[in-house]
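According to TrEMBL, the feature active site, proton acceptor maps to Y214. The feature substrate binding site is assigned by TrEMBL to S201. Residues annotated as transmembrane segment in TrEMBL: 16-34.
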Amino acid sequence: MTLNDPFLQLLQESQIITATVVVFTIIGALFILLKTLSFLKLIVDVFVLPGKNLKDFGAGSGSWAVVTGASDGIGREYAMQLAAAKFNIFMISRTASKLKALRDEIENKYKVDTKMYAMDFTKGDKRDYENLKDIIEELDVGVLVNNVATNHEIPTPFYLEDDEIIHNIVEVNIAGLLKVTKIVLSKMLPKNRGLIINGGSFAGTVPSAYLSVYSGSKAFMNTWSQAIGAELKSKGIIVENVNTYFVVSSMSKIRKPSFLIPLPGPYVKSVLSKIGIPGGASFYPFNSNPYPSHALINWIISNTFSWSFWVNYTLGQQENIRKRALRKREREKEAAKSQ
Ligand SMILES: NC(=O)c1ccc[n+]([C@@H]2O[C@H](COP(=O)([O-])OP(=O)(O)OC[C@H]3O[C@@H](n4cnc5c(N)ncnc54)[C@H](OP(=O)(O)O)[C@@H]3O)[C@@H](O)[C@H]2O)c1
C-alpha cells in the first residue's frame, strides 16, 4: 500500500473527522459544564448562602445608616428596614413633608434616632453639601445607601432630550453620588468599617437607547463602584453596586408587582440579607444581584445571546414604551383641552 492508496486516504480522512468530532464534543461538554456550574452557583448564592450580618457594620450599637432619596420607593424601604435592624437613620431627600412623616413612622415603630435633611440634588448647591458634612461629622456612619436618582421623563432620543433633564440626571446621579460618598467616607475610613450600597440598574450594564443619559449615569455608577470597591476592600469597607431590574415605584411607573417586578419591600429585604454575595451578578466584581428573578434575568443576559442582541432588544422595548407614553401625553392634552 502506498500513501496514494485510496483506502489509506479514506482511513486518514475518517481519523481526522473523528478527532475533530472528539475535540468539538469535549469543548461543547466543557462549555455546558461551565454554564451549569455558573447556574448552580447562582442558585446557591440566591437561595442558600447567608449574607454578612448587619451587626458587622454597627447595627444595634449606635451606628447610623445614611440613605439618600429616602422619602419614597426603594429608598424609603431601605430607611425602614435598616431602622428595623437597629441603625439610627439619617435620611436625605427632596420633599420635607414626606421626610417628616417617615421620620415619625420610624421613630414610633423602631425606637431609633433619626435625622433628616431636605435638599434638591438637581441644584448642586454647595451650602447643602456643607450642611450634610456638618451633620454627618457628628455621626458614626456604618452604612451609606446611595439611592437617590432621577431619570428621563419618558424614553427620548438623546438629540431631542431637554437640556434641563440632562443636567439634572448628571447632577443627581453622578455629582450627588460622588459628593455624598466622599463626605461619608471621611467617617468610615478612620474606623476601617462600612457598607456602601449603590442603587445600580440593568440600564448601567445593558446600554438603554432612549434612556441614554440615565443609562450612562448608571454605567458610571457601576464602573466607579468597582474601582472604589477595589480601593476600599482592604480598608474594611464593602462597596456593592446592586444591579436592579424593575421594581414597583414612581420612577418605574409600574404599579403592580409580578414575578419579575417586586415591591420595594421584598426587593430591599433580599439586598440586606445578601450583603457580600454576588447572586446573579458574578460577571462584574463589587456588583450584586440578590433578588431571585432579577438574578435569573442577569444570568440569562450574561450567558446567552450577544451584547448587541440585548442592546437591540432594549432599543425595541424602549421604542414601544416611548410610543405608549407619547399616546398618553396626547390623550392628556386632549382631555385638558375639552375641560
Ligand atoms: N424602580 C425601578 O424599577 C428601578 C430599577 C433600577 C434601578 N433603580 C434605582 O433605584 C433607586 C430608587 O429608585 P425608585 O424607583 O425608588 O425611585 P422613586 O420611587 O422615584 O424615589 C426616588 C427618591 O429620590 C428622591 N429624589 C428624586 N429626585 C430628587 C432630587 N432631585 N433631590 C433629592 N431627592 C430626590 C425622591 O424624593 P421625593 O420624595 O421628593 O420624590 C424619592 O425619595 C434609583 O437610584 C434608581 O435609579 C430603580
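Cβ coordinates come from backbone N, Cα and C, glycine included.
When Cβ atoms from all protein chains are considered, those within 10 Å of the residue listed as 'active site, proton acceptor' total 23, not counting its own. The Cβ of the residue listed as 'substrate binding site' has 28 other Cβ atoms within 10 Å, all protein chains considered.
Here the CA atom of the residue listed as 'substrate binding site' lies 10 Å from the CA atom of the residue listed as 'active site, proton acceptor'.
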